[in-house]
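J.: Here Swiss-Prot flags Leu9, Asp85, Val88, Ser113, Ile114, Leu165, Ala204, His229 as S-adenosyl-L-methionine binding site.
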Amino acid sequence: MLTFIGLGLFDEYDVSVRGLDAIKSADTVFLEVYTSVLMGAPIERLEAFYGKKITPLYREDVEIHADKILDAAEFGNAVFLTAGDSMVATTHSDLRIRAADRNIPTTIIHGASITTAVCGLSGLQNYRFGKSVSVPFPYGKWFPMTPIEVISANLKENLHTLVFLDIQKDKERYMKISEAVDLLEEQARRVDAGIPLYVGIARAGSPEPTVHAGNAEEMKAFDFGSPLHILIVPATLHEIEREYLERFAGLC
């Protein structure tokens, strides 16, 4: 059996009761650490809370060397833990398909997801979001333009854009909102586009999340504090959305 369990957004206390029961009864516990991380709970705290040894998994462990996971699930009870909700990342869907190819039973226990948490924190209506996009760290001469293309297409349809910021867990490197805004502004400059407003969110799901809305210069000057950070590029605001951002995100 392979059970996919979403752990929620911030620390060890965000897992559901059903998820916790499944972890405690598992023979093998894997934790995927490359699409997102629980910043409020290092792996040692998770192990202490669950009473289980946890094997961390990086991208190649899941996408290339998944047999270790599948073997554990074929011959025992394995759980595959992720921050947020398990099936938001395509790579996790692929793992479930490969398990089915080997006739391994699978099940999903959902957790809170950043894709819905940002709506509560920002007040932006979830049905008004278009395609999401990720901003990676540039590498050498590689400077992808996909983010501004997606944002521009969404704005044309009057849709908000959720912008994920790069995570390099193996290097303990987490993109900041100020870095992402710099990259997006450079992309916008290259295609003669404009981004009039951003909403930045830090540490969603924690006891003290930070939310701030403003233009590029305001966002780069604002101190969002420690990671994880995420961005939204809003379309034209509904009056309720605007009032929410004014009250809870410092929008002027």
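A Cβ is built for glycine as well, from the same backbone N, Cα and C atoms used for every other residue.
In terms of burial and nearby residues, how do these features look in this structure?
T.: Long-range Cβ neighbours of Ile114 (S-adenosyl-L-methionine binding site) (same chain, at least 6 residues apart, Cβ-Cβ under 8 Å): Leu9, Ser36, Gly84, Ala204, Gly205, Ile230.
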J.: With every protein chain in view, how many other Cβ atoms are within 10 Å of the Cβ of Asp85 (S-adenosyl-L-methionine binding site)?
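T.: 23, counting other Cβ atoms within 10 Å of Asp85 (S-adenosyl-L-methionine binding site).
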J.: Looking only at Cβ atoms, how many others are within 10 Å of the one on Leu165 (S-adenosyl-L-methionine binding site)?
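T.: Neighbour count, Cβ to Cβ under the 10 Å cut-off: 21.
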J.: Counting only other Cβ atoms and using a 10 Å cut-off, which of the binding-site residues Leu9, Val88, Ala204 scores lowest?
T.: Val88
